């Protein structure tokens, strides 16, 4: 790890450059990203709510979907609110502590999401290819332990590189991070020391997490596709392939952008195009996931309708009780 620390050069904050050459469209970008953020929050909160409220959705698949939605909410909330505030403020600064915290949370949540996607693919493989053993293999206790392992699997490995980045000496008091958040490559580019060993460590960790989870996901979906091909009904095959295709689209976007950004030996040397690819992992996939994985599902649609019906009935019931109580009070 590179020696040094921020205390030695007095760096207390960074300037986030944001999106390049887009000063004339700040209002439009703010509106678009705010809308995307609100839709992402709404979709993922709905999934968490309906999975928790409907007893018919208390299954491993929806349990993991709920965890995925939690990760998506946290991941987008680590990046987007600060970015949106920078559209409105003249000073696009972030404190040193805030920057390192954002760095850690982004990579912790991202790593956990990769692990969870791999687990979800294995869950679907077991459900499709081993339906008789599935209830025993994926019981409640196993699901909880596996989900916890995914969260912990992102929590601890990222800690070492984060501490190493926090201890780097930075060259300028008003250092400009060429990105809309504190990503690895732009931060390492500002260091006043050789960061090769740290970049190699980041490369190894990213490769282990991303490539291993990608291989597990690919093998699982490969077995699922083979099982689908054996379905005698043409309509059954078409329905199954439709679901698999939409899942694979999201997985391809997420893994493809992450491999481009982080599975390479040097990250500090090419940061100019990072922001465009990061938009996919920060905005596109969190927005698509609720619709692809759950909101297109008939069981989830029915559960949502039932939840809204109950909410409306409860609202009108409470309103009528309040009116009756107010009339009695007036008398």
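A Cβ is built for glycine as well, from the same backbone N, Cα and C atoms used for every other residue.
The following features are taken from TrEMBL:
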- 43-293: domain 'G-protein coupled receptors family 1 profile' (DOMAIN)
- 29-50: transmembrane segment (TRANSMEM)
- 62-83: transmembrane segment (TRANSMEM)
- 103-122: transmembrane segment (TRANSMEM)
- 134-159: transmembrane segment (TRANSMEM)
- 203-229: transmembrane segment (TRANSMEM)
- 241-263: transmembrane segment (TRANSMEM)
- 275-295: transmembrane segment (TRANSMEM)
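Remark: the transmembrane segment (62-83) makes no contact with the transmembrane segment (203-229), by the rule of 3 or more CB pairs under 8 A. Using a cut-off of 8 Å between Cβ atoms, the transmembrane segment (29-50) and the transmembrane segment (275-295) share at least three residue pairs, counting only pairs 6 or more apart in sequence. Among the listed stretches 103-122, 134-159, 241-263, 275-295, the one sharing the most Cβ pairs under 8 Å with the transmembrane segment (203-229) is 241-263.
Same-chain neighbours of the transmembrane segment (134-159): 60, 63-64, 67, 104, 107-116, 119, 123, 126-127, 205, 209, counting only residues six or more beyond its ends whose CB sits under 8 Å from a CB of the stretch.
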